[in-house]
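Input: a single structure, listed below in structure tokens.
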Amino acid sequence: MAVALLVALCVVSSRMALPSEAVPFYRQDSEVCNSPVCQKAAQTLLESMDTSVDPCQDFYQYACGEWIRKHPIPEEKFRISPLDALYDNVLDTVAEILKNATSENHATSVLKSANYFQACMDAEARETQGVEPLKNLLTSLGGWPMATPGWSGANYHWQTQVATVTRNLGIRPIIDVFVDADANRTSQHIINLDQADFGLGRNQLINLTSSSRTQEIVAGYRNYIIASAKLLNPNADDIQLANDADEIIQFESTLAQFSTPPEERRDASSWYHKMTVAEVQTVTENTYFQWTEFLNTVLKEFPQVMPETEVILYERDYTKNVLKLAHETNPRILANYIGWIVLMKEGYHTTRQFRENKFQFEKVQIGIEKEEKLERVCTDHTIGLLGYAVGRLYVDKFFTEEEKQDIDELVENIRSAYKSTLRNNTWMDHVTRNKAIDKLEAMINKMAYPTWIKNDNELNEYYRSVPAINRDEFFSSLLKVTKVVKAIQLGKWNKPTDRIKDWITTPAVVNAFYSPDSNSMSFPAGILNWPLYQYGTSPALNYGAIGAIIGHEMSHGFDDQGGQTDPEGNLVDWWLEETKAKFNQKADCFRKQYSSYLEPTTNMHLNGNNTVGENIADNGAVRNAFIAYKMHLLHSQNNHVMRKKTLPGLSATAEQLFFLGYSTMWCGAERKESLEWSIQYDSHTPSEFRAVVPLTNSRSFAEAFGCASGTPMNPTHKCLLW
């Protein structure tokens, strides 16, 4: 592995005995699985591995060398991996379903999603409409000075426009307003006020000239703004456009300087500030921004916000400072900035040239070399907006109840393994340990899809306000549908939550989630596919791949952030101080370990602080999924013989298959520009390190491959938490 270990790591202080070590009277036997699914799995591994490499020296190259060689990054992508290939497959499948959906045997809401997709795909109608629908949108928001000759700010009220785009589009510039569970009373939804996201990366915005690479990205962003304005107003003065673009970037830079970086927001006590709207008015120290009026504009169709209404204010200083900044800023700059953020989010839904502008910026930012096809854009967009309706189509065709039950059983086996880990660790006091076990037992498993989407009446009721789709006027339909979908979330304000029915995702998604405020894991149907899961293949592979994904989300309940919430997801400190100190010491081991790695393409060190939660989860996932696999062997034994399924044509043992199943899902390559971006901002480490670092911390891996102590894959010093 082409990385350098630069600092000493924490020494493992304890180790739990695996089930295989505790029951030596069972005879272990292997049998080759020759079923079609096992033959497919064997072929996939053989085509991925470079067996000329010593696995104890460079396991990533051993597991992934051939896969990387055979899979160059496509021009339109910033990265390629088996997970990306799975995502592509799901999108292709969904696109075919949406193209061919008819009124026969489909719920009304499902047909609306198909019509929406087909309208999105009508490139000719888009070009006929041109940019006029976008210009009309911006006009309704007070105009965009860059594209509006003679614009006057005399009657422009930026607060009203921010509230309007928040309500109608879910776009939240300057101030982020959203409805979510109250983190300290998760049975109820509450209004949340937070710092906004930006059009450019925070690090670049804070210091616009910090490096030649930053200057290149900022220049690309500036060109993106100017080119977009030119599409709306071809006759605009170039000097004025350049000046406006510079003012937008400088204003956004100041916003970013007021913001708090993500690694400083991992402790909930830093952002959970519950108070009344009247108190927000006081602590933000202003008389020119009326919070009650602003929030009632956001929540226009819903119960009235009063001065005594409680909200959560995340960032007091940011909010106070940006309100003062906005008050002192020329209305033209405010209107240009808000209009730009709207245009950046929605412009590419109009003409081909807008999509070209977006591509030119992404070419600089993340290194892609070709624009993504419209079909891919429309599929992803439709899933994002009407995901439950699309998900219904997907699960009806591509997910069986048999598979769901099989994976549910796998989840419970990993939960049992985790419970064993908690019971047997030596660093937790018994009070904290018991509370951790209570939380684990209360953790909700949301598998594949919410059951209510299978009921036509319930699904139609959920989307009842979605209007009929006009295929000739896609952008108009987009605005109407978006407003309805955003109203569904805003409409939850002041209503109770439902830990079972409320999902954080929709079914046709290739990802997995842990939600701290509901203490629940979600595994959408999209991710429950090969190469992560295959019904009937070697259990070692399933436990190593989808089992590790499950273990990863389960571990999030006990990482540096998830560990701050109780079994119902409320912010509660349930740790005794001595145990908390030991937890922090072990978490610091991971911070130092990952920060010591140098990513060779970018010559950048990993950010062990921002990624610590994900790294804790990756390491806990591998350890507990392996324990669960061993437990599975015990439970499936017959006449005191544990039969391990191996694969044809491979000399790998079942234990080795487990670790190959884990690492091969992280095979891949990523463009340098994208890697630079992800190392700065992503809470996950790059795939190569996810594939390997948890294995260097695993004694079971070293035993499976016979790696001597002190080899790269079995270092003397290891980090261990769960």
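Each Cβ is built from the backbone N, Cα and C atoms, and glycine gets one as well.
The Cβ of Glu553 (active site) lies under 8 Å from the Cβ of Ala512, Phe513, Tyr514, Met521, Ser522, Phe523, Ala617, each on the same chain and at least six residues away in sequence. Under the heading active site, Swiss-Prot lists Glu553.
Swiss-Prot lists Asp618 with the feature active site, proton donor, giving sequence analysis as the kind of evidence. Counting every protein chain shown, the Cβ of Asp618 (active site, proton donor) has 28 other Cβ atoms within 10 Å.
If you look up Swiss-Prot, you'll see His552, His556, Glu614 marked as Zn(2+) binding site. The number of other CB atoms found within 10 A of the CB of His556 (Zn(2+) binding site), across every protein chain shown, is 25.
Using a 10 Å radius centred on the Cβ of Cys33 (disulfide bond) and all shown protein chains, the other Cβ atoms total 20. In the three-state DSSP assignment, the secondary structure recorded for Cys33 (disulfide bond) is coil. Positions annotated as disulfide bond by Swiss-Prot: Cys33-Cys38 (among others).
Cys56 (disulfide bond) carries neither a helix nor a strand DSSP state and counts as coil. Neighbour count (other Cβ atoms within 10 Å of the Cβ, all protein chains): 17 for Cys56 (disulfide bond). Residues or ranges marked as disulfide bond by Swiss-Prot on the basis of sequence analysis: Cys56-Cys707 (among others).
Taken from Swiss-Prot, the feature disulfide bond applies to Cys64-Cys667 (among others), supported by sequence analysis. Neighbour list (Cys667 (disulfide bond), Cβ cut-off 8 Å, at least 6 residues apart, same chain): Ser48, Ala63, Cys64, Trp67, Ile68, Ser81, Pro82, Ser687, Ala691.
Cβ neighbour count for Cys378 (disulfide bond) (all protein chains, 10 Å cutoff from its Cβ): 23. Summarising the annotation, Swiss-Prot assigns disulfide bond to Cys120-Cys378 (among others).
Per Swiss-Prot, the feature disulfide bond maps to Cys589-Cys719 (among others); the stated evidence is sequence analysis. Cys589 (disulfide bond) is surrounded by 25 other CB atoms, counting those within 10 A of its CB over all protein chains shown. Secondary structure from DSSP puts Cys589 (disulfide bond) in a helix.
The domain 'Peptidase M13' annotation in Swiss-Prot covers 32-722, and the record cites sequence analysis as its basis.
Residues or ranges marked as signal peptide by Swiss-Prot on the basis of sequence analysis: 1-17.
Cys120 (disulfide bond) sits 36 Å from Glu614 (Zn(2+) binding site), counting Cα to Cα. All protein chains shown were included, and the count of other CB atoms within 10 Å of the CB of Cys707 (disulfide bond) stands at 22. Across the structure, His552 (Zn(2+) binding site) and Cys56 (disulfide bond) are spaced 24 Å apart at their Cα atoms. Taking the centre of the Cβ atoms of His552, His556, Glu614 as the Zn(2+) site, the nearby residues of that chain (Cβ within 8 Å, site residues left out) are Tyr514, Glu553, Ser555, Asp559, Gly613, Ile616, Ala617, Asp618, Gly620, Ala621. Listed disulfide-bonded residues: Cys38, Cys64, Cys120, Cys719. The one with the lowest count of other Cβ atoms within 10 Å of its Cβ is Cys38. In sequence order, the disulfide-bonded residues near His556 (Zn(2+) binding site) (Cα within 10 Å of its Cα) amount to none of Cys33, Cys38, Cys56, Cys378, Cys589, Cys719. Separation of the C-alpha atoms of Glu614 (Zn(2+) binding site) and Cys589 (disulfide bond): 14 Å, rounded to the nearest whole number.
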